Amino acid sequence: MTEVKIKRLYTGDADFASQLDRLLAWSESEDTDIHQRVTEIIGCIRRDGDAALVELTARFDHFVVDTAAALELPRDVLEAAWQALPAEQAKALREAAERIRAYAERQKLDSWDYREADGTLLGQKITPLDRVGLYVPGGKAAYPSSVLMNAVPAKVAGVPELIMAVPAPRGELNALVLAAAYISGVDRVFRIGGAQAVAALAYGTETVPRVDKIVGPGNIYVATAKKLVFGQVGIDMVAGPSEILVISDGRTDPDWIAMDLFSQAEHDEDAQAILISPDAAHLEAVQASIERLLPGMERAEVIRTSLERRGGMILVDDLEQAAAVANRIAPEHLELSVESPEVLVESIRNAGAIFMGRYTAEALGDYCAGPNHVLPTSGTARFSSPLGVYDFQKRSSLIYCSPDGADQLGRTASLLAWGEGLGAHARSAEYRIRHH
């Protein structure tokens, strides 16, 4: 087994900042060819609707149907998939869904208002989105957890109609994905994928209804399409490769740390796994664990490439410095594998999800802990948050003026409007002023 060459950094090095920048750098292939093809696909769907959808589904998914209506999956197929699940799988899926739902319930925003002395009422009205599109990657390697994480918060928010798009290569669908759609309350399912599915959801066809927002992960074509339709519809986020950052005080079993790093590195070659510790001997022990455990992994080659290309081990002087480096990285997943995580977490400002303590494996959050696994990547945790109920609700401002309120506010508004040279604004306010 050849050595796994993982980049080593030390905060004491003069060029540490630039070394860290190089380690974190990831430029999504701004492939003009892909951009062009996706633009063409979106144009086809906008122009030809159902006919284009049927043709593109046959071309890209090798799934041939006579009409677009045949792309929709009857609701009883979802129920049958759920009923046919082995009891243990059904129990695990239900438990995960219930935990995600319980967490999401606490995120709900409520409308509020307050009244001023003159009777004027000001407030905020919370309304769920009318219709949301959920994209789910298809084929055999499907992700039922992704269905739960996207669908359950939408339903908790009160979204009346949830439309799922899932590609069916050669007509094949994953039963677990359909079962997850059933128990999380998905309303309609279309067997469509790629940029053509995103375009159909964004603009609508004769058969596929137009949605207000599109959520869910996908390949580079799906991500590019989501970017291009943003503005026509809302999107959740443009996700980069998966990331994990582990801060260890040196007292966690090195095998545990190695496997936690593997858990993200196995996603794909661009995934990033980084370990930070003030204990140099611990970094060596984890390196040894990596080399011992890697040959037994199912996705050993992907993990090796990911660790050698984008992995890192960072030696720091103390845990406070570790927190400062973590804030600079702003990771998607952050594990605090330390004695007192509740103390260290106070220093963390930028992270998608924070896993506190040695026993809290990031994988638990991926599947069933409760918090959402759709998280900001590529440093966007500096200004973004995990997917949640609030992503499926919108806020409207409420203003009600009593006659007295209109009199008072009208005088202020009139002065400001004339100052801006907007006479109609000023007069509109003045008409409601009481002339005593």
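Cβ atoms here come from the backbone N, Cα and C positions, even for glycine.
According to Swiss-Prot, the features are:
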| type | residues | note |
| --- | --- | --- |
| ACT_SITE | Glu332 | active site, proton acceptor |
| ACT_SITE | His333 | active site, proton acceptor |
| BINDING | Tyr135, Gln196, Asn219 | NAD(+) binding site |
| BINDING | Ser242, Gln264, His267, His333, Asp366, Glu420, His425 | substrate binding site |
| BINDING | Gln264, His267, Asp366, His425 | Zn(2+) binding site |
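If you compare every pair of Cα atoms in Ser242, Gln264, His267, His333, Asp366, Glu420, His425, the residues listed for substrate, the longest distance is 56 angstrom.
Here the binding-site residues are Gln196, Ser242, Gln264; the one with the fewest Cβ atoms within 10 Å of its Cβ is Ser242. Residue density at Asn219 (NAD(+) binding site): 13 other Cβ atoms are found within 10 A of its Cβ, drawing on all protein chains shown. When the binding-site residues Gln264, His267, Asp366 are ranked by how far their Cα is from the Cα of Asn219 (NAD(+) binding site), His267 comes first. Taking the recorded positions His267, His333, His425 in turn, the residue surrounded by the fewest other Cβ atoms inside 10 Å of its Cβ turns out to be His425. In the three-state DSSP scheme, Asp366 (substrate binding site) falls into the helix class. The number of other Cβ atoms within 10 Å of the Cβ belonging to Glu332 (active site, proton acceptor), over all protein chains shown, comes to 29. Among the binding-site residues listed (His267, Asp366, His425), Asp366 has its Cα nearest to the Cα of Glu332 (active site, proton acceptor). Of all the binding-site residues in the list Tyr135, Gln196, Gln264, Glu420, His425, the shortest Cα-Cα distance to His333 (active site, proton acceptor) is found for Gln264. Of all the binding-site residues listed here (Tyr135, Asp366, Glu420), it is Glu420 whose C-beta has the fewest other C-beta atoms within 10 angstroms. When the Cα atoms are compared, Tyr135 (NAD(+) binding site) and Gln264 (substrate binding site) turn out to be 22 Å apart.
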